[in-house]
């Protein structure tokens, strides 16, 4: 009986030890599987967050660039600063900014064309002045070669005859080129006549012809 009681006591101790061991084991975390899941899940979320953050930053940069572009257009285009009183308190929409920019570019193209035409006209004037300069240089040289020729000055009648001859020649070409059917046609003909008959070379030929005619009448 003593041996039986001793074995029973030992069995009870072993049973309690096993129970405590199983309880302690169940409280210990599984370091293989659970640690693996614990590390992988935050990595996936971090990667998604990183992509989302990069996309958000790229989108914000794109919007900032567009906003800066519209702000630059409003600063460059003068008409964007001159708002109507009805919309002065409102911010210009992107559509209005673009339309005003287009209008301003078209205005600049017209101004450029107008300036090019003015430059062309000035070049013609320069050419005419050069021709006049050459003629006056010839006159001065002629006076220097014949100092006594200047003493025989022409009368006012001769000067009037020269002027009359020039005007008569111009009026003949003007009368032959101008139509008076309507004011619009008259205006178009006048400008066309000026461009064709009032060129420096044409006027020079007219003046030379009149001078030769008057000279033949005097001598």
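For all residues, glycine too, the Cβ spot is worked out from N, Cα and C.
Keep in mind that TrEMBL annotations are predicted by a computer and have not been checked by a curator.
Here is what TrEMBL records for this protein:
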- 1-65: region 'Disordered' (REGION)
- 15-30: compositional bias 'Polar residues' (COMPBIAS)
- 37-49: compositional bias 'Basic and acidic residues' (COMPBIAS)
- 50-108: domain 'BHLH' (DOMAIN)
- 56-65: compositional bias 'Basic and acidic residues' (COMPBIAS)
- 105-132: coiled coil (COILED)
Same-chain residues near the compositional bias 'Basic and acidic residues' (56-65), Cβ under 8 Å, at least 6 residues beyond its ends: none
DSSP tally for the compositional bias 'Basic and acidic residues' (56-65), helix/strand/coil in that order, comes to 10 helix, 0 strand, 0 coil
